[in-house]
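J.: Can you read through this structure? Questions will come right after.
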Amino acid sequence: MKKIGGSLFILLAVLCIFGCNKKENNNKTNSDTMENVQVSDYGVTAKGDSIKKYTLTNKNGMKVEIINYGGIITSLMAPDKNGKYQDVVLGFTKPEDYFNGNPYYFGALIGRYGNRIANAKFTLEGKTYDIDKNDGPNSLHGGKEGFHTKIWTAEPVKDAKLPTLKLTYVSADGEEGYPGKLTTTVHYTLTDDNALEISYEAETDKATVVNLTQHSYFNLSGNFSNLITDHELQINADKFLPVNSTLIPVGEEKSVKGTPFDFTAAKAIGKDITAQDEQLKLGGGYDHNWILNGNGMRTIATVYHPASGRVMEVMTDQPGVQFYSGNFLDGKFDTKTGGKYEKRSGFCLETQHYPDSPNQPAFPTTELKPGQKYQTKTMYKFSVKK
Ligand code: BGC
């Protein structure tokens, strides 16, 4: 009896060792994928859709939170000169505020067409398309029900070396007035050198126009009651696009030299923002597209916040960037750190093709034809200067 008991004990112990090992291995695999992209419940839309939040964490402990509603970045924690991580992107405190229209496009993926299209129409291959008119006479950011309002299919990329989230959205032919069924894939990757990389891809089954971008507002101070006017900005652009009263480029490519739009050398955003200037008056501040110098993937802008030491570099392969100084933020919504989002409590650097390109043949084309692949990349890289 004793002998049988002893053997049984040994057998159980051996089984347990195998079992436990197996469990440990499973746990390891789980935690490997779980470690760098964690999934949690975020909220439920008015229509009853459950929205998830995906937290990307890199080896330094930097975290970015993204939801599959609008592909919105809801939080991005970046270290300051003392290694203190703070959230540097504007966002709502309540999920409903994203789901009920997101009036400022906080953190969202923008499509099909980032920025404005004049008179909400364009002609392509001899056919005129009327698209959603949601900004005075114009169409802004893909229309009222643009990609920022869509539920994207989200999946953490399991075999990726770095934390990566893949988002896919299929836009039906005719959605918001645009031709062609457009399949869009966006990958968000957080690199080991604290860069958030955003890769966009799209394919269509009919000729269409595409101009995708990301609409995060940044405030590198980590306190959203601080205005961004003390942030020092440098943009690698010798020219910008002056606009008319509805913020449509007039077609001229103007030199920044001698104007408040000269950011070729770093200067505080607030330095010239109140200067007597027709273009600043029209935008209520900066709300213009800069024509970026050079081609291909390159550093196009650098922002430095002296008090925190935080630095953000922007790299892109796109021809333009919309620098928007948060002029329309109007104190209606609570910030994540107390107080309200006021005018100039955040800025955007939206990498993109020029506004209204479908109506301005002199601008680089935004047309996409069947068989072609739209492919672009932008990175926001965070570091410190002491
Ligand atoms: C535009 C602004 C607009 C804002 C909406 C920016 O991309 O340039 O004119 O008001 O988006 O939040």
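The backbone N, Cα and C atoms fix where each Cβ goes, and this holds for glycine too.
Not my notes, these are from TrEMBL:
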{"type": "SIGNAL", "residues": "1-22", "note": "signal peptide"}
{"type": "BINDING", "residues": "ASN115, ARG116, HIS215, SER216, TYR217, ASP287", "note": "beta-D-galactose binding site"}
{"type": "ACT_SITE", "residues": "HIS215", "note": "active site, proton donor"}
{"type": "ACT_SITE", "residues": "GLU350", "note": "active site, proton acceptor"}
J.: Measuring CB to CB from ASP287 (beta-D-galactose binding site), give everything in the same chain under 8 Å that is also at least six residues away in sequence.
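T.: Counting only residues 6 or more apart in sequence, the Cβ neighbours of ASP287 (beta-D-galactose binding site) under 8 Å are VAL243, LEU247, GLN322, PHE323, TYR324, SER325, ASN327.
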J.: Taking DSSP three-state, what's the residue listed as 'active site, proton acceptor' in: helix, strand or coil?
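T.: Reduced to three states, the DSSP call for the residue listed as 'active site, proton acceptor' is strand.
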J.: Could you tell me which of the binding-site residues ARG116, TYR217, ASP287 have their C-beta within a distance under 6 angstroms of some atom of ligand 1?
T.: ASP287
J.: List the same-chain residues at least 6 positions away in sequence whose Cβ sits under 8 Å from the Cβ of HIS215 (beta-D-galactose binding site), in sequence order, or say none.
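T.: When sequence neighbours closer than 6 are ignored, HIS215 (beta-D-galactose binding site) has TYR105, PHE106, GLY107, ALA108, LEU109, ILE110, GLY114, HIS141, HIS148, CYS348, GLU350 within Cβ distance under 8 Å.
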J.: Please report the DSSP secondary structure of ARG116 (beta-D-galactose binding site), reduced to three states.
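T.: Its secondary structure by DSSP: strand.
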J.: When you measure from the Cβ of the residue listed as 'active site, proton acceptor', how many other Cβ atoms are you left with inside 10 Å?
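T.: Taking all protein chains shown, the residue listed as 'active site, proton acceptor' has 24 Cβ neighbours within 10 Å.
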J.: Specify the secondary structure state of ASP287 (beta-D-galactose binding site) as given by DSSP, simplified to three classes.
T.: strand
J.: With DSSP assignments reduced to helix, strand and coil, which class does TYR217 (beta-D-galactose binding site) get?
T.: coil
